[in-house]
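Asker: Not my notes, these are from TrEMBL:
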- 331-350: transmembrane segment (TRANSMEM)
- 357-377: transmembrane segment (TRANSMEM)
- 383-407: transmembrane segment (TRANSMEM)
- 428-448: transmembrane segment (TRANSMEM)
- 460-486: transmembrane segment (TRANSMEM)
- 523-543: transmembrane segment (TRANSMEM)
- 851-871: transmembrane segment (TRANSMEM)
- 878-898: transmembrane segment (TRANSMEM)
- 904-926: transmembrane segment (TRANSMEM)
- 956-976: transmembrane segment (TRANSMEM)
- 996-1022: transmembrane segment (TRANSMEM)
Amino acid sequence: MGIVSTAVNKFRTTLLIMLFCIIAGVLGRAAMPIASNPNISFPWVNVSVFLEGASPEDMARLVAKPIENRMLRLEGQEEIFSVNSQSFTFVRIKYDVDYDIDQAILDVERAVSEIRNQLPPEAEDPRVQEFADNDQPILVYSVYGFANLRSGFFVAKEIQERLEKIPGILEISIDGVPEELLEVEVSKPKLETLGVTLAQIGSAVRSNNVLIPAGFQDTGSGKFAVEIPSVFESREDVYNLPIKSSGSKVVTLGDVAEIKRTFKDPSSFSRVNGYDAITLSIKKRTGFNELDIAKQVEKEIELITAEYPDNLMITPGLDTTQFAGDMVDELQGNIITAVVLVMVLVVATLGLRNGMIVGIAIPFSFLVTFGVLYYFLGYEFNFLVMFGMLLGLGMLIDGGIVIVEYADKLIDEGQSRKEAYQNSAQRMFTPVVASVLTTLAAFTPLMVWPGMSGKFMRYLPITVFVVLLASLAYALLFAPAIGSLFGRQKKLNDQKNDSDDTFMKRNYRKAIGFAVKNPLETIFYTLFIVLFVIPVGIVGNYGKSFVYFPNIDPWIINVNIQARGNISPYEARDMAIEVEEKLIGLEGVDDLLLTVRNSGWGGGDGVARGYILVEDPKTLDITGFDVLNNARAAVKDSAGYKVNIREVQEGPGQWTAPVEIRLLSENRELIDQKTAELRAYMENNIEGITGLADTMPKYKIEWKLDVDKERAYQAGINLFDIGSAVQMVTSGIKLGEYRPDDAKEEIDIRARFPADQRTLSSLDLITVNTRNGPVPVSSFVDVQARQNAASLNKIDGKYYHEISGINKPDYNLYDEIEKIRTWMSETGFEDPRMEVRFGGLTQEGDEASSFLVLAFIGALFLMFIILVTQFNSIAQPFIILISVLFSTAGVFLGLTIAQVEPSTVMTGTAVVGLAGIVVNNNIVLIDTYNRLKQEKPSFSVQDLITETCLSRLRPVLLTTITTIFGLIFLASGYSVDLLNQAVYEGTSTVKWYQAFGISICWGLGFSTILTLLVTPAFLTVVENSSIKLSKAQ
């Protein structure tokens, strides 16, 4: 191979290239941002529209429907989801996961502009936004202990302004404080005394709060700007506004109203550890290191805190960076531990010089990986990248071991180290390349994994790809160059060790002797173990109980308080306080954060939502699941409301429940009825699903004002006059907006009556001017109470409700879902006017499982093509692939013995990846047999196979053990960090990867036994049959 000869002969150039790769990798790792999760973008586009005072029905009919009808015609969209609540419509357009999100945004923006004239003119312009992963905050800080709301608001605004100057922070949103308002509190007696009408006030504000560009004046000797101050800049501008003149007297707005800068009526509260609080949610920009951002934020918060009294508390709440940092530190420690173990094993087996030549492949491959992932792919350093490196650790030295082992053999035969390494790389070029390609072939299907699971997991196979390609370059180019300079030399008095005399080889010779003499019996015993004994154990232990992603100890627990009826924000806060009293003080509860709202999220009956932050599990005597169960028990008997407590799932489905059942229909009454029936059945008959929640809307009492239009017309008034009068006793009439110097955004100017006059009975006191003089508004309206939904949800233009739940640990979720399906079909629940959709993590797990089966088949096919090309044979590749199929039995045997719950994604990925690992030893073994067959034609098949197996025993065991060593501690349930001299049991990192580690370790260990015993037996049968066929012909 010319490239190998060039690399050895031009070793200076080779080593300089290697040095450049190392430097680039070091710089790439230093610049690589750290993230808690893979930075995946959700292919969703959100459209939101605000229309003051509109009911959910009006929002659905006048706003959502035109938007939905247009969005349904967009190319690539998969689902149109909308929520319509009081004054607000939210529409989410979901696209295929691989759709170009930039194109999707352009399409949605264009579609919105097309139908803007179909929306009510009073509605605010629709807002189009991409939903991205970085829309979720990485940090949440809470401010509490302030004297009053305004002082707390100004503290929060100062924190917001100072923190937004930190590079990497995208935005900071403030919750727990209403929007600011310039309130014009009108005195009804003064209006009547001075003869001022509401229409006059509105007209005066609108005509005096407009921007008037006066232009320039050119005098010939200069050009001057002309300015006409015409917009409100302060409260005084509004106070002194003339609204009426009577002779020489001018009536100003301040004469008939009290004007004050305040806040809108609260619709929500933030609660932190039992206190009213203001929360600041911090979002980061893509490409920045969130750990660095967290450190800078913490430093700035310390400076701000020192400037305020001790009773004002600014404390961290949610901190995803801590989880990211812990996982990164833990995995880095495990990687270092694995590297040390592998290096010790390699040096102990191959000697210091040979061991170092092989071992240098580890830092070199890792550094090249850092460089490629950062500079070419723009990846962040997340836990899947690290695990891909940990998985590749054992495999990346396989090629180096093969090259060094064979070079060592050539040196013993008398060649110089330069000749030996050059000839070894040339001789082993094809098997080493084929070995790496077959491994990559196994991981290739994972790179085209569809859906959010695939987008999430894609980091793993790509990292393995880069690691193995870097190790291939090292094994074939850099290792021979280094070996030609620093490899061992054969001395004149060197005596070749009789390795056949070792205890292991003596016993292995006996075992291989039996296998080649009795190949059919060996194959039969193997098939019996694989096809009968192990599956029986698997079915007995697990049945179908796979989980989507591993159930790791929760560090964040969702809390959702549900209640029905006309719940005011203050009543909802009282419920939240009761829940706080039950949860705060429980062992393991570090922080409790709740956001209180008087309307349900997504149309459900939630009035408060938040989360429990669990203490550091390394310092706890109980697990996160114990904290979860204790919290559920504490709120179980709540009166007047329900508290739904769930752990947050890790992975791409973290906001998805294990079970989700959707009912869709154009008939609202039908799905209301059916949803109630289904929930009642599940509560009373399905024991394996708990924590039920639904999106059934809260039906509230609302006051409907029917206007006698004929009578109003006769009196010379219109609906606008009546509506304005009614607004004076509700949220007020919006007169305009202004932007004071200390505000970033415009502040509404609203007029309304004092608080004690803002009741519906006040309509008798409110008058409107008619042809016959002032007349009470109540003369034209009939006030009626009626029930109305707080919000309306739609999917693809149809009304829908959803019931979600979680599975109990001791129940098979698939069996419980099947019970629901059976009940639906047997009891007449199904209706042709209604569509039923099953979803949730269970459905996503099924989809992932189906893909992984196809990926496994696809991987086998790709590997088969590569092997047929290499060996120019059908039988020998078939032998290799049989070992791959048999290795899956080892996977489930390991999971059964360890009693670890198999994960659809992690175990399935491990099985597919294992296929590529298992073939390596078989390829080199069969390639060695073919070479010996050519070199020693007089030897019998049994003798050739025996010599082949004995010569490959050490490298096969070495490559297997090094791969297992990389994962052995995680597979055993321990996290061993030599860097920090710490050993942890059952951490989140361990639980996340344990099923994966067990699958690889047991599958590879089981397949190694097959490689050393069963592969020779199959090879014996094939070769003997081939000889007989040749003789027969």
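Cβ atoms are placed via backbone N, Cα and C, with glycine included.
All annotation found in TrEMBL is predicted automatically rather than curated by experts.
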Asker: Any contact between the transmembrane segment (428-448) and the transmembrane segment (904-926)? By contact I mean 3+ C-beta pairs closer than 8 Å, pairs at least 6 apart along the chain.
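Answerer: In this chain the transmembrane segment (428-448) contacts the transmembrane segment (904-926) - 3 or more Cβ pairs sit under 8 Å.
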Asker: What stretch of 331-350, 357-377, 383-407, 851-871, 996-1022 shows the most Cβ pairs under 8 Å to the transmembrane segment (878-898)?
Answerer: 996-1022
Asker: The transmembrane segment (460-486): which same-chain residues, six or more beyond its ends, come within Cβ distance under 8 Å?
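Answerer: Counting only partners 6 or more residues beyond its ends, the transmembrane segment (460-486) has Cβ contacts under 8 Å with 3-4, 7-8, 11, 14-15, 18, 353, 356-358, 360-361, 364-366, 368-369, 372-373, 377, 379, 384-385, 387-389, 391-392, 395-400, 402-404, 407, 417-418, 420-422, 424-425, 429, 432-433, 436, 439-440, 443-444, 446-447, 909, 913.
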Asker: Give the nonlocal contacts of the transmembrane segment (851-871) in its own chain as ranges (CB under 8 Å, at least six residues past its ends).
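Answerer: Answer is 430-431, 434, 437-438, 441-446, 449-451, 454, 877-878, 880-881, 884, 904-905, 908-909, 911-912, 915-916, 919, 923, 926-927, 930.
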